[in-house]
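Please read the structure below before turning to the comments.
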């Protein structure tokens, strides 16, 4: 049985669970639980696998959540599912909380995207205007440097954007082809977990965490659009593209990226998807909304790369020119201000887009984004002013310092073992780009608690700012009086302190998960069982009846697996009863044995895999306690606990 990943986790019936990792690869593993009482080749299962699922329009679920099917009385059937009607109600409540299907594209979302476009145009436009001004005044050296940073950032962004377009376009075509082949009579499209399927070394992964969800959503939508409905009718939108249509798309995208308009095109496409989600009916609204979310996550990542490859060095360059010439022109001031705003905006906007595109993260409010913007604005302002002051006196040593700091930060990022890109060399390039970001500001690249790493980073930044400012003050030019030097130093340290205060405010009052100070990593808010409330009749059921239901389902799944000629991939079994002791009695928990090596998954997918399995199986069995996952390499307890925590 070939494992095909469509990137969805859903509750197909009150006693049916399906999961596939957010990874578009033939090498990716997947998990599927067959509904008790349904043979593996039944028509009901084939209808669900074709894309009907829990979505009325058959669009499939491109989100990592649990939802209940709304057809065929599935909410009220299946006493063995552990709850009948109550189980369906509990699953519906879980779907509303985890899937966030009630979210709509609002006016604030549109204004936020338009503001991002305005910030981008202001940043790039003022840089080009200033470069032309330098050329007209005969300052060819400043003109060359200013234009170089503009071209460097733009070309880098176009390369990344076109690379992502190629990957998305090929993924949609491959998923459409796969779904079409599954629609043939007699085709076996069931998915199971196999250790060999997940252990491939050459697995293809998208470039960033949000792109994993984005590509899964796009391939899922392409696959479900080409699927059959319950009456056997084929959707028109799922047909293969003609050769002329594909050629036109390739030609259009090539021209857009050659003209350096890839980022603008993605912004316009994001607005278009948001408007479509508003105009569509209830059946298709969420599909366009989540496509908009993932597209905005992509363009936010591109904006982030552009700002730190173009705006950050541009800001340091212009401030250094101002300090050296002892004069400030209006255009230079506008350029520096636009670059600083673009840097802070890109960081805050990317964090919002990343959280919005992940179902295992709570969305961040606009007030929290504003606090994040102020945090990054003031810390980056202190950093670049320090760089400008130091570079005005020590040009050579400033270059050595930047290269040394970048090497250390890149080594630190590589040591964190990020797994965001498709190949090893792309991963190295990505780590090198993030190392450039670390020259100016903090950027989280690893799941888990960041308190220690955040403290170390800003402590190092404070030491560097102090040393560079002190060296500038001691060796500054004689014509620079203390009337200018003392206020400059005050601006540096007061700006850094203000940014740290905003950072503490964000984590203390505006973090989506609540206050982050004095909280242990195993608090109740991280427990998947608290994400929804169980029905009363289920909550009062005894552990013995639940255990009996588990054994019946396990025996039935064992019988189906042996009939299909494969060994069951994961087993749900009750643990041995605890030995008598003086400790209070523990609630019996389930152990899910998964025939996979957990460390073969990238960090972000491991987190989503664990969370999704717990939520799905907990809703499936209505157990009073979340089950425990046991991988082949379960000896790495510290690693497993590390990805249980959130930012």
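Cβ from N, Cα, C; glycine included.
The annotation compositional bias 'Basic and acidic residues' is assigned in Swiss-Prot to 1-15.
Taken from Swiss-Prot, the feature compositional bias 'Polar residues' covers 21-31 (among others).
Feature annotation from Swiss-Prot assigns compositional bias 'Polar residues' to 207-236 (among others).
The phosphoserine annotation in Swiss-Prot covers 197 and rests on a large-scale study or a structure entry.
The region 'Disordered' annotation in Swiss-Prot covers 1-44 (among others).
Swiss-Prot lists 197-238 (among others) with the feature region 'Disordered'.
Annotation comment: Swiss-Prot describes 112-132 (among others) as transmembrane segment, evidence class sequence analysis.
Taken from Swiss-Prot, the feature transmembrane segment applies to 142-162 (among others), supported by sequence analysis.
The transmembrane segment annotation in Swiss-Prot covers 245-265 (among others). Long-range contacts of the transmembrane segment (245-265) within the same chain: residues 117, 120, 154-155, 157-158, 161-162, 165, 169, 299, 302-303, 306, each at least 6 residues beyond the stretch ends and with a Cβ under 8 Å from a Cβ of the stretch.
Taken from Swiss-Prot, the feature transmembrane segment covers 303-323 (among others).
The transmembrane segment annotation in Swiss-Prot covers 328-348 (among others). Same-chain residues lying 6 or more positions outside the transmembrane segment (328-348) and placing a CB less than 8 Å from one of its CB atoms are 115-116, 119-120, 122-123, 126-127, 129-130, 133, 300, 303-304, 306-308, 311-312, 314-315, 318-319, 321-322, 369-370, 372-374, 376-377, 380-381, 384, 440-441, 443.
Swiss-Prot lists 362-382 (among others) with the feature transmembrane segment.
Annotated transmembrane segment per Swiss-Prot: 393-415 (among others), in sequence order.
Per Swiss-Prot, the feature transmembrane segment maps to 425-445 (among others).
The feature transmembrane segment is assigned by Swiss-Prot to 454-474 (among others), with sequence analysis given as support. Remote same-chain residues near the transmembrane segment (454-474) are listed as 379, 382-383, 386-387, 389-390, 392-394, 401, 405, 438, 442, 485, 489, 492-493, 496, 500 (criterion: CB distance under 8 Å, separation of at least six residues from the stretch ends).
Swiss-Prot lists 484-504 (among others) with the feature transmembrane segment. Away from its own ends, the transmembrane segment (484-504) comes close to residues 371-372, 374-383, 385-386, 389, 458, 461-462, 465, 469, 473, 476 of its chain (Cβ-Cβ under 8 Å, at least six residues beyond either end).
Here the transmembrane segment (425-445) has Cβ contacts under 8 Å with residues 207, 304-305, 308-309, 312, 343, 347, 376, 379-380, 383-384, 402, 405-407, 409-410, 412-414, 416, 418-419, 454, 457-458, 647 of the same chain, all six or more residues outside its ends. Contact between the transmembrane segment (303-323) and the transmembrane segment (112-132) is present: at least three CB pairs lie under 8 Å, with pairs separated by 6 or more positions in sequence. Proximity of distant same-chain residues to the transmembrane segment (112-132), defined by a Cβ-Cβ separation under 8 Å and at least 6 residues beyond the stretch ends, is recorded for 143, 146-147, 149-150, 154, 263-264, 267, 270-271, 274, 296, 300, 303, 306-307, 310-311, 314, 318, 331-332, 334-335, 338-339, 341-342, 345, 349, 366.
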